[in-house]
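Novice: Okay, handing you the structure first.
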Amino acid sequence: MDATTINSLFLVGALLVAASILVSSLSSRLGIPILVIILAVGMVAGVDGGGIIFDNYATAYLVGNLALAVILLDGGLRTRVASFRVALWPALSLATVGVLITTVLTGMVAAWLFNLSVIQGLLIGAIVGSTDAAAVFSLLGGKGLNERVTASLEIESGSNDPMAVFLTVTLIGMLASGQTGLHWGLLGHLIQEFGIGSFIGLGGGWILLQLVNRINLAAGLYPILVIAGGLAIFALTNAIHGSGFLAVYLCGLVLGNRPIRSRHGILHMLDGMAWLAQIGMFLVLGLLVTPHDLLPIAIPALGLALWMILVARPLSVMVGLLPFKAFHGREKAFIAWVGLRGAVPIILAVFPLMAGLPNAQLYFNLAFFIVLVSLLLQGTSLPWVAKLLKVTVPPDPAPISRAALEVHVTSEWELFVYRLGAEKWCIGAALRELKMPEGTRIAALFRGQQLLHPSGSTTLEVGDLLCVIGHEHDLPALGKLFSQAPQRGLDLRFFGDFVLEGDARLGEVAALYGLKLDGIDPGMPLSQFIVQKNRGEPVVGDQIEWNGTIWTVAVMDGNKIQKVGVKFPEGTRPGPGLFL
């Protein structure tokens, strides 16, 4: 390869990445997932469009694995361990039992539609059996879903790859050797994948955390150290026959949930790296496919995709979540719909090609077609389905910017900046009248281009910039304090006519609103009553019905219900109102 060829590769690669970024602005206007647009750019530039011929499956496999490792590391860093209280076991059930059921149901229909053997059909089912972390993390961000749904989908997508990889590799081995039966040794191999991946991921994450916090480096080197360490953990786990995908996700989880030096710098750089990984991966996969090869299989492939989306995935979710009573029917329905397929199935479809199996090109084309249908149908409709099934909750108002305060090595202090508009509740209030969360301080107040010296008598005006020092866990309280009037109205429409304290006694609540206790202990706190009726760990947005009224969890403090909204049937709202 001469210098001219290398320079041409740089030019084409840079133009494709730039084009993907520029056309991504169409995503919000057209309501099409950004990953589909990037995939389309690759297809348009490929053999049937711009004429770029790319058929190197080994390179695609390399790029795909590298990109997924970075995306999973970033996803783990942003996942809060607190969400595990409501979603760990349900997500693991979906990642194992769910993938197995989807594989079998999809595989049997694939064998019938394409006149394949049962083992060949099951291989297709295994290839498309897992949800994709890149697609899930990308499309769920900022949708305002309740914690139980979001955590279940994110943990599932981060942990279901071992099952899909295990099934795919096992079935490829069976086809290559002519084997037709299963044996118990395969179960041991699956346990090995999960066990080694978990051990190396958690242990390696802890070691990497100690390195970051104990070694003095230039600030810009810490993100690079984290990425290099994450990739080393990914590769080492794969080398000893564990799940590298699970390991790198757990590594990120450890780093993201412990005090770590240069936290914001690491997250900021990884955000950009994760975007670059997604763009590069979907561009390569778009270049790899030959669009005219998809046309002959379009009708049966569409039938298989719809079967998986409308039948196999919903059945696997219903069975996988059967033991978990906290999930409402609408939450199960949404989780069933958001079985997003992305890069993982396409990368798994490269395995048969590299193994030289018969019909390997068919497996690849089918996987690509199913991913395309999934992203277009499920990804595009996700916001509408979320509203239809009522799994969204009003988001907490966020600061316009936030920055870390590195006062010591593992400092978790941050500076939050809020801009006060005319609709803010605090306009006209003196600073001493603000009920600031404990441990927070107002550091500065800007009015126009002037820095004021704030005192207790300083009143807030429209357009003021307020700088507050606090911790991440103070954001919900600060958000409520500096919320907008329309946002508060949205809260009241969602949570109900009144909001009560979670420790209010049922007897007092019943007496105030004329409700019947029917043998319920009048001394029981309202929060405890809702937990009992909910039959599981509560999250914001959970609802129960009692005495013809709707009771909604409005504010959580860790595992404890802090505030509860109550909504009365039309025309029966009591008075006077109560707002606590």
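Cβ atoms are placed via backbone N, Cα and C, with glycine included.
Pulled these features from Swiss-Prot for this protein:
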type: DOMAIN; residues: 402-484; note: domain 'RCK C-terminal'
type: TRANSMEM; residues: 6-26; note: transmembrane segment
type: TRANSMEM; residues: 34-54; note: transmembrane segment
type: TRANSMEM; residues: 57-77; note: transmembrane segment
type: TRANSMEM; residues: 86-106; note: transmembrane segment
type: TRANSMEM; residues: 108-128; note: transmembrane segment
type: TRANSMEM; residues: 162-182; note: transmembrane segment
type: TRANSMEM; residues: 189-209; note: transmembrane segment
type: TRANSMEM; residues: 217-237; note: transmembrane segment
type: TRANSMEM; residues: 240-260; note: transmembrane segment
type: TRANSMEM; residues: 279-299; note: transmembrane segment
type: TRANSMEM; residues: 302-322; note: transmembrane segment
type: TRANSMEM; residues: 366-386; note: transmembrane segment
Novice: Give me the DSSP three-state residue breakdown of the domain 'RCK C-terminal' (402-484), ordered helix, strand, coil.
Specialist: 13 helix, 29 strand, 41 coil
Novice: Return the average pLDDT for the domain 'RCK C-terminal' (402-484) as a whole number.
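Specialist: In the predicted model, the domain 'RCK C-terminal' (402-484) has a mean pLDDT of 83.
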Novice: Top stretch among 6-26, 34-54, 189-209 for CB pairs under 8 A with the transmembrane segment (366-386)?
Specialist: 34-54
Novice: Between the stretches 34-54, 189-209, 279-299, 302-322, which one has more Cβ pairs under 8 Å with the transmembrane segment (217-237) than any other?
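Specialist: Counting Cβ pairs under 8 Å, the winner is 189-209.
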Novice: For the transmembrane segment (279-299), give me same-chain residues lying six or more residues beyond its boundaries with a C-beta closer than 8 angstroms to one of its C-beta atoms, as numbers and ranges.
Specialist: 16-17, 20-21, 35, 38-49, 52, 54-55, 57, 59-60, 63-64, 67-68, 114, 134, 343, 346, 361-362, 364-366, 368-369
